[in-house]
Amino acid sequence: MAGLSLQHPMAFAFGLLGNIISFMTYLAPLPTFYRIYKSKSTQGFQSVPYVVALFSAMLWIYYALLKSNEFLLITINSAGCVIETLYIVMYLLYAPKKAKLFTAKILLLLNVGVFGLILLLTLLLSAGQHRVVVLGWVCVAFSVSVFVAPLSIIRQVVRTRSVEFMPFSLSLSLTVSAVVWFLYGLLIKDKYVALPNVLGFSFGVVQMGLYALYRNATPRVPAKEVADDAKEAAISVDDSTFKVPGEHVVTIAELSAAPPAVVELIKAQQPPEEAKVAKPAENGTAAAPANIQRNADQV
(Lines of atoms letter the chains of each structure in order from A and count residues from 1; the text may use other names and numbers.)
(Lines give C-alpha, C1' and ligand atoms only; values in the text may rest on other atoms or scores of the structure.)
Protein backbone atom coordinates (compact mmCIF):
# COMPACT_ATOMS: atom_id res chain seq x y z
CA MET A 1 0.00 0.00 0.00
CA ALA A 2 1.46 3.33 -1.09
CA GLY A 3 -0.08 5.18 1.83
CA LEU A 4 1.46 2.83 4.42
CA SER A 5 4.65 1.61 2.76
CA LEU A 6 7.93 2.42 4.50
CA GLN A 7 9.21 3.24 1.03
CA HIS A 8 6.90 6.26 1.10
CA PRO A 9 7.45 7.73 4.60
CA MET A 10 6.68 11.28 3.45
CA ALA A 11 3.44 10.15 1.80
CA PHE A 12 2.42 8.41 5.02
CA ALA A 13 3.32 11.50 7.07
CA PHE A 14 1.27 13.85 4.88
CA GLY A 15 -1.61 11.36 4.70
CA LEU A 16 -1.66 11.01 8.48
CA LEU A 17 -1.51 14.78 8.91
CA GLY A 18 -4.34 15.15 6.39
CA ASN A 19 -6.40 12.66 8.41
CA ILE A 20 -5.87 14.66 11.60
CA ILE A 21 -6.74 18.02 10.01
CA SER A 22 -9.77 16.64 8.18
CA PHE A 23 -11.00 14.86 11.33
CA MET A 24 -10.82 18.12 13.30
CA THR A 25 -12.71 19.85 10.49
CA TYR A 26 -15.40 17.15 10.64
CA LEU A 27 -15.81 17.93 14.34
CA ALA A 28 -16.10 21.69 13.80
CA PRO A 29 -19.95 21.69 13.68
CA LEU A 30 -20.19 20.15 17.18
CA PRO A 31 -21.00 23.52 18.86
CA THR A 32 -23.77 24.01 16.29
CA PHE A 33 -25.35 20.66 17.08
CA TYR A 34 -24.92 21.19 20.81
CA ARG A 35 -27.02 24.36 20.42
CA ILE A 36 -29.56 22.40 18.38
CA TYR A 37 -29.73 19.74 21.11
CA LYS A 38 -30.08 22.29 23.92
CA SER A 39 -32.77 24.32 22.15
CA LYS A 40 -34.50 21.28 20.55
CA SER A 41 -34.59 23.33 17.35
CA THR A 42 -32.46 23.55 14.19
CA GLN A 43 -32.60 27.38 14.52
CA GLY A 44 -32.55 27.99 10.77
CA PHE A 45 -29.47 25.89 10.02
CA GLN A 46 -29.52 23.99 6.73
CA SER A 47 -28.89 20.28 6.20
CA VAL A 48 -27.47 20.48 2.67
CA PRO A 49 -23.75 20.81 3.63
CA TYR A 50 -23.95 17.71 5.82
CA VAL A 51 -25.68 15.66 3.13
CA VAL A 52 -23.11 16.78 0.54
CA ALA A 53 -20.24 15.98 2.92
CA LEU A 54 -21.67 12.48 3.44
CA PHE A 55 -21.93 11.97 -0.33
CA SER A 56 -18.34 13.13 -0.80
CA ALA A 57 -17.08 10.70 1.85
CA MET A 58 -19.03 7.82 0.27
CA LEU A 59 -17.60 8.64 -3.16
CA TRP A 60 -13.99 8.74 -1.96
CA ILE A 61 -14.38 5.47 -0.03
CA TYR A 62 -15.62 3.78 -3.20
CA TYR A 63 -12.66 5.18 -5.13
CA ALA A 64 -10.16 4.11 -2.45
CA LEU A 65 -11.60 0.58 -2.34
CA LEU A 66 -11.36 0.24 -6.10
CA LYS A 67 -7.76 1.44 -6.16
CA SER A 68 -6.95 -0.83 -3.19
CA ASN A 69 -3.90 1.13 -2.01
CA GLU A 70 -5.50 4.21 -0.45
CA PHE A 71 -5.86 3.14 3.18
CA LEU A 72 -5.52 6.68 4.55
CA LEU A 73 -8.35 7.86 2.32
CA ILE A 74 -10.53 5.04 3.65
CA THR A 75 -9.85 5.87 7.31
CA ILE A 76 -10.72 9.57 7.16
CA ASN A 77 -13.74 9.17 4.89
CA SER A 78 -15.10 6.29 6.98
CA ALA A 79 -14.90 8.57 10.01
CA GLY A 80 -16.57 11.27 7.92
CA CYS A 81 -19.45 8.95 6.99
CA VAL A 82 -20.11 8.13 10.65
CA ILE A 83 -19.87 11.74 11.84
CA GLU A 84 -21.98 13.22 9.03
CA THR A 85 -24.62 10.51 9.51
CA LEU A 86 -24.86 11.40 13.20
CA TYR A 87 -25.21 15.09 12.30
CA ILE A 88 -28.00 14.35 9.83
CA VAL A 89 -29.85 12.08 12.30
CA MET A 90 -29.75 14.79 14.97
CA TYR A 91 -30.87 17.37 12.41
CA LEU A 92 -33.85 15.19 11.46
CA LEU A 93 -34.79 14.76 15.12
CA TYR A 94 -35.19 18.49 15.75
CA ALA A 95 -35.96 19.97 12.33
CA PRO A 96 -39.46 21.22 11.45
CA LYS A 97 -41.56 19.02 9.20
CA LYS A 98 -40.79 20.96 6.01
CA ALA A 99 -37.02 20.79 6.64
CA LYS A 100 -37.25 17.07 7.41
CA LEU A 101 -39.01 16.38 4.12
CA PHE A 102 -36.47 18.46 2.18
CA THR A 103 -33.55 16.67 3.86
CA ALA A 104 -35.10 13.26 3.15
CA LYS A 105 -35.54 14.21 -0.51
CA ILE A 106 -31.96 15.31 -1.05
CA LEU A 107 -30.69 12.24 0.85
CA LEU A 108 -32.66 9.98 -1.48
CA LEU A 109 -31.68 11.96 -4.56
CA LEU A 110 -27.96 12.41 -3.87
CA ASN A 111 -26.82 9.70 -1.48
CA VAL A 112 -29.07 6.95 -2.84
CA GLY A 113 -29.98 7.95 -6.39
CA VAL A 114 -26.83 9.64 -7.70
CA PHE A 115 -24.40 7.44 -5.77
CA GLY A 116 -26.30 4.31 -6.80
CA LEU A 117 -26.21 5.45 -10.43
CA ILE A 118 -22.43 6.07 -10.26
CA LEU A 119 -21.93 2.67 -8.64
CA LEU A 120 -24.06 0.91 -11.26
CA LEU A 121 -22.53 2.62 -14.29
CA THR A 122 -18.93 2.15 -13.19
CA LEU A 123 -19.54 -1.54 -12.46
CA LEU A 124 -21.42 -2.25 -15.68
CA LEU A 125 -19.73 -0.01 -18.23
CA SER A 126 -16.09 -0.19 -17.18
CA ALA A 127 -13.63 -2.66 -15.75
CA GLY A 128 -10.22 -2.84 -14.15
CA GLN A 129 -8.03 0.24 -14.40
CA HIS A 130 -10.52 1.98 -16.68
CA ARG A 131 -13.09 1.87 -13.87
CA VAL A 132 -10.62 3.56 -11.51
CA VAL A 133 -9.93 6.27 -14.10
CA VAL A 134 -13.65 6.96 -14.67
CA LEU A 135 -14.41 7.11 -10.95
CA GLY A 136 -11.31 9.22 -10.34
CA TRP A 137 -12.52 11.90 -12.75
CA VAL A 138 -15.99 11.75 -11.17
CA CYS A 139 -14.37 12.44 -7.79
CA VAL A 140 -12.34 15.31 -9.27
CA ALA A 141 -15.44 16.86 -10.88
CA PHE A 142 -17.42 16.67 -7.65
CA SER A 143 -14.56 18.01 -5.54
CA VAL A 144 -14.08 20.96 -7.90
CA SER A 145 -17.80 21.79 -7.76
CA VAL A 146 -17.63 21.69 -3.95
CA PHE A 147 -14.56 23.92 -3.78
CA VAL A 148 -16.39 26.47 -5.95
CA ALA A 149 -19.06 26.81 -3.23
CA PRO A 150 -17.12 29.50 -1.26
CA LEU A 151 -17.45 31.83 -4.26
CA SER A 152 -20.81 33.02 -2.90
CA ILE A 153 -19.17 33.88 0.42
CA ILE A 154 -16.29 35.66 -1.36
CA ARG A 155 -18.82 37.71 -3.34
CA GLN A 156 -20.68 38.58 -0.14
CA VAL A 157 -17.46 39.73 1.55
CA VAL A 158 -16.57 42.01 -1.37
CA ARG A 159 -20.10 43.47 -1.58
CA THR A 160 -20.51 44.10 2.14
CA ARG A 161 -16.85 44.68 3.10
CA SER A 162 -17.53 42.39 6.07
CA VAL A 163 -15.78 39.12 6.98
CA GLU A 164 -18.42 38.14 9.54
CA PHE A 165 -19.37 34.97 7.65
CA MET A 166 -15.85 34.02 6.54
CA PRO A 167 -13.88 33.11 9.69
CA PHE A 168 -10.12 33.26 9.26
CA SER A 169 -9.63 29.99 11.15
CA LEU A 170 -11.82 28.14 8.65
CA SER A 171 -10.05 29.64 5.63
CA LEU A 172 -6.68 28.77 7.15
CA SER A 173 -7.67 25.17 7.93
CA LEU A 174 -9.04 24.66 4.42
CA THR A 175 -5.83 26.04 2.90
CA VAL A 176 -3.54 23.90 5.06
CA SER A 177 -5.69 20.84 4.42
CA ALA A 178 -5.57 21.42 0.67
CA VAL A 179 -1.76 21.71 0.74
CA VAL A 180 -1.37 18.54 2.80
CA TRP A 181 -3.70 16.44 0.62
CA PHE A 182 -2.10 17.84 -2.55
CA LEU A 183 1.34 16.75 -1.36
CA TYR A 184 -0.05 13.34 -0.36
CA GLY A 185 -1.57 12.86 -3.81
CA LEU A 186 1.63 14.07 -5.46
CA LEU A 187 3.86 11.70 -3.47
CA ILE A 188 1.71 8.63 -4.18
CA LYS A 189 1.31 9.80 -7.80
CA ASP A 190 -2.48 10.01 -7.59
CA LYS A 191 -3.60 12.96 -9.71
CA TYR A 192 -7.24 12.50 -8.71
CA VAL A 193 -6.36 13.31 -5.10
CA ALA A 194 -3.90 16.07 -5.96
CA LEU A 195 -5.73 18.05 -8.65
CA PRO A 196 -8.84 19.24 -6.72
CA ASN A 197 -6.67 20.53 -3.90
CA VAL A 198 -4.90 22.95 -6.23
CA LEU A 199 -8.22 24.75 -6.56
CA GLY A 200 -8.89 24.36 -2.84
CA PHE A 201 -5.56 26.00 -2.03
CA SER A 202 -6.27 28.86 -4.47
CA PHE A 203 -9.66 29.63 -2.93
CA GLY A 204 -8.19 29.39 0.57
CA VAL A 205 -5.49 31.93 -0.26
CA VAL A 206 -8.08 34.27 -1.82
CA GLN A 207 -10.26 34.02 1.30
CA MET A 208 -7.36 34.79 3.63
CA GLY A 209 -6.34 37.72 1.43
CA LEU A 210 -9.87 39.12 1.56
CA TYR A 211 -9.91 38.65 5.33
CA ALA A 212 -6.71 40.68 5.67
CA LEU A 213 -8.15 43.36 3.35
CA TYR A 214 -11.58 43.74 4.97
CA ARG A 215 -11.12 42.68 8.61
CA ASN A 216 -10.90 46.31 9.77
CA ALA A 217 -13.07 47.80 7.02
CA THR A 218 -16.37 49.53 7.73
CA PRO A 219 -19.16 47.17 6.60
CA ARG A 220 -21.59 48.43 4.03
CA VAL A 221 -25.00 47.26 2.90
CA PRO A 222 -25.58 46.80 -0.87
CA ALA A 223 -27.95 49.30 -2.48
CA LYS A 224 -30.61 46.69 -3.18
CA GLU A 225 -30.73 45.61 0.47
CA VAL A 226 -30.95 49.25 1.57
CA ALA A 227 -33.94 49.74 -0.74
CA ASP A 228 -35.60 46.56 0.53
CA ASP A 229 -35.01 47.55 4.15
CA ALA A 230 -36.44 51.01 3.44
CA LYS A 231 -39.65 49.40 2.20
CA GLU A 232 -39.86 47.16 5.25
CA ALA A 233 -39.29 50.14 7.53
CA ALA A 234 -42.80 51.39 6.88
CA ILE A 235 -44.93 49.22 9.18
CA SER A 236 -48.71 49.33 9.00
CA VAL A 237 -50.59 48.95 12.27
CA ASP A 238 -54.43 49.13 12.27
CA ASP A 239 -54.63 51.56 9.33
CA SER A 240 -51.95 53.86 10.81
CA THR A 241 -48.40 53.95 9.40
CA PHE A 242 -45.25 54.97 11.18
CA LYS A 243 -41.58 55.02 10.22
CA VAL A 244 -38.91 53.01 12.01
CA PRO A 245 -35.79 55.11 12.58
CA GLY A 246 -32.47 53.69 11.54
CA GLU A 247 -29.73 54.06 8.95
CA HIS A 248 -30.25 50.94 6.86
CA VAL A 249 -31.26 47.81 8.78
CA VAL A 250 -33.83 47.83 11.54
CA THR A 251 -35.93 44.72 10.98
CA ILE A 252 -38.92 43.78 13.08
CA ALA A 253 -37.93 40.17 13.40
CA GLU A 254 -37.30 37.06 15.37
CA LEU A 255 -33.52 37.54 15.19
CA SER A 256 -31.76 34.37 14.11
CA ALA A 257 -28.45 33.75 15.81
CA ALA A 258 -27.44 31.12 13.25
CA PRO A 259 -23.78 31.54 12.26
CA PRO A 260 -22.33 29.83 9.19
CA ALA A 261 -21.93 26.09 9.63
CA VAL A 262 -18.55 24.56 9.04
CA VAL A 263 -18.72 21.21 7.31
CA GLU A 264 -15.69 19.13 6.47
CA LEU A 265 -13.51 20.32 3.60
CA ILE A 266 -16.35 21.28 1.37
CA LYS A 267 -16.72 24.21 3.27
CA ALA A 268 -19.78 25.33 2.93
CA GLN A 269 -20.29 28.30 5.01
CA GLN A 270 -23.96 29.02 5.60
CA PRO A 271 -25.14 32.61 5.88
CA PRO A 272 -28.06 32.95 8.28
CA GLU A 273 -31.60 32.86 6.99
CA GLU A 274 -33.26 36.14 6.10
CA ALA A 275 -34.96 37.71 9.08
CA LYS A 276 -38.70 37.28 9.08
CA VAL A 277 -40.90 40.34 9.54
CA ALA A 278 -43.14 39.86 12.55
CA LYS A 279 -46.87 40.26 12.22
CA PRO A 280 -48.50 43.28 13.93
CA ALA A 281 -50.20 42.66 17.24
CA GLU A 282 -53.83 41.58 16.81
CA ASN A 283 -55.13 43.13 20.00
CA GLY A 284 -54.57 46.87 20.14
CA THR A 285 -51.87 49.02 18.60
CA ALA A 286 -49.74 49.76 21.63
CA ALA A 287 -47.88 46.44 21.67
CA ALA A 288 -46.30 46.85 18.21
CA PRO A 289 -44.24 50.01 18.94
CA ALA A 290 -42.92 48.38 22.10
CA ASN A 291 -41.83 45.30 20.16
CA ILE A 292 -40.20 47.51 17.55
CA GLN A 293 -38.22 49.41 20.15
CA ARG A 294 -37.12 46.19 21.85
CA ASN A 295 -35.91 44.64 18.59
CA ALA A 296 -34.29 47.90 17.50
CA ASP A 297 -32.34 47.89 20.78
CA GLN A 298 -31.21 44.29 20.05
CA VAL A 299 -29.94 45.32 16.63
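Using N, Cα and C of the backbone, Cβ positions are placed for all residues, glycine too.
The transmembrane segment annotation in TrEMBL covers 12-36, 48-65, 71-94, 106-128, 134-153, 165-187, 193-214. Feature annotation from TrEMBL assigns region 'Disordered' to 272-299.
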Do the transmembrane segment (48-65) and the transmembrane segment (106-128) share at least 3 Cβ pairs closer than 8 Å, excluding pairs fewer than 6 residues apart in sequence?
yes
What parts of the chain pack near the transmembrane segment (106-128), using Cβ distances under 8 Å and only residues at least 6 beyond its ends?
47-48, 51-52, 54-55, 58-59, 62, 88, 134-135, 138
